[in-house]
Amino acid sequence: MARFGLVLVVALSITISMLPDTTTAQLKTNFYGKSCPNVEKIVKQVVNQKIKQTFVTIPATLRLFFHDCFVNGCDASVMIQSTPNNKAEKDHPDNLSLAGDGFDVVIKAKKAIDAIPSCKNKVSCADILTLATRDVVVAAGGPSYTVELGRFDGLVSTAASVNGNLPGPNFKVTELNALFAKNKLTQEDMIALSAAHTLGFAHCGKVFNRIYNFNRTHSVDPTINKAYAKELQLACPKKVDPRIAINMDPTTPRKFDNIYFKNLQQGKGLFTSDQVLFTDGRSRPTVNDWAKDPVAFNKAFVTAMTKLGRVGVKTRRNGNIRRDCGAFN
């Protein structure tokens, strides 16, 4: 991030005409202003059409963006299909639960953009995913925000690169802070981004340990609201298929809102990594603030998403514009 900021400062002091095309990409809001001016409108239309077909598009796209940016930066490398010679990111165990609707909306938007002759092969899959993520947040009632554009698509995607780079459901605050700090994100950013769990679903297998065999003293995690624990046990009986889906937010699972924080106050965080944000004294004040102030939360979420979108941005030197989001050129 510091290096990226330095590039911005240097760029301001040099006339643009002096900069070769291979210089580090500067993210800017009107990056496609001349090459494909309707790009945002096209992506939004595709996103809204896809949401009409299935609500899953919303949490699937949001999660896909996080999983992409946390591994090698926001470069759409998570979308690459594996080949006989390369096991790609998407086939790492931590990514196998990414819903296909997130991939599909990016592929459809890419097709719609490339159908316009002046836009063909001008817009990166990484930028399309970033725009689609903003659009699904808005569609679920979340804040709208301006998206910086100018990312190039990554040239590498390996399953091995995912190891240790995504937060786990049993992470504590210290582990979460360390992982987010690797991406130049603060504790406040981490709490704001964790609230993406206000949407979508998880699988029973991810919560069995909290509701059946927590530790030697307690079969159920004592930080879980007792009534909520019973609801989870009904939804996820002991011998149920671990892939059965349950809502992340038991109150308003289809709405992007600050109810996530109110749920944490009541012991209704689905994962350990959610509930610790309230049980840990370092993060609890922020949870309490945002539980009562949705405007402050929305503002923090926009800040965090903008910062996340700057992680590991590729340039013309180490990236390109993919013709097919699922395969290298």
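Cβ coordinates are placed from backbone N, Cα and C, and glycine is handled just like the others.
Because the structure is a prediction, the values reported are computed rather than measured.
Candidates considered were CYS36, CYS74. The record in TrEMBL pairs CYS69 in a disulfide bond with CYS74.
Within the set CYS236, CYS325, the cysteine that TrEMBL bonds to CYS125 via a disulfide is CYS325. Separating the Cα atoms of THR252 (Ca(2+) 2 binding site) and GLU89 (Ca(2+) 1 binding site) is a whole-number distance of 31 Å.
Non-local neighbourhood of ARG63 (site 'Transition state stabilizer'): LEU98, ALA99, GLY102, ALA196, GLY200, each in the same chain, at least six residues away, with C-beta under 8 Å from its C-beta. Annotated pair HIS67 (active site, proton acceptor) and GLY73 (Ca(2+) 1 binding site), C-alpha to C-alpha distance, rounded: 9 Å. Sequence-distant neighbours of ASP249 (Ca(2+) 2 binding site) (same chain, six or more apart, CB under 8 Å from its CB) are HIS197, THR198, LEU199, ILE259, TYR260, ASN263, LEU270, listed in sequence order.
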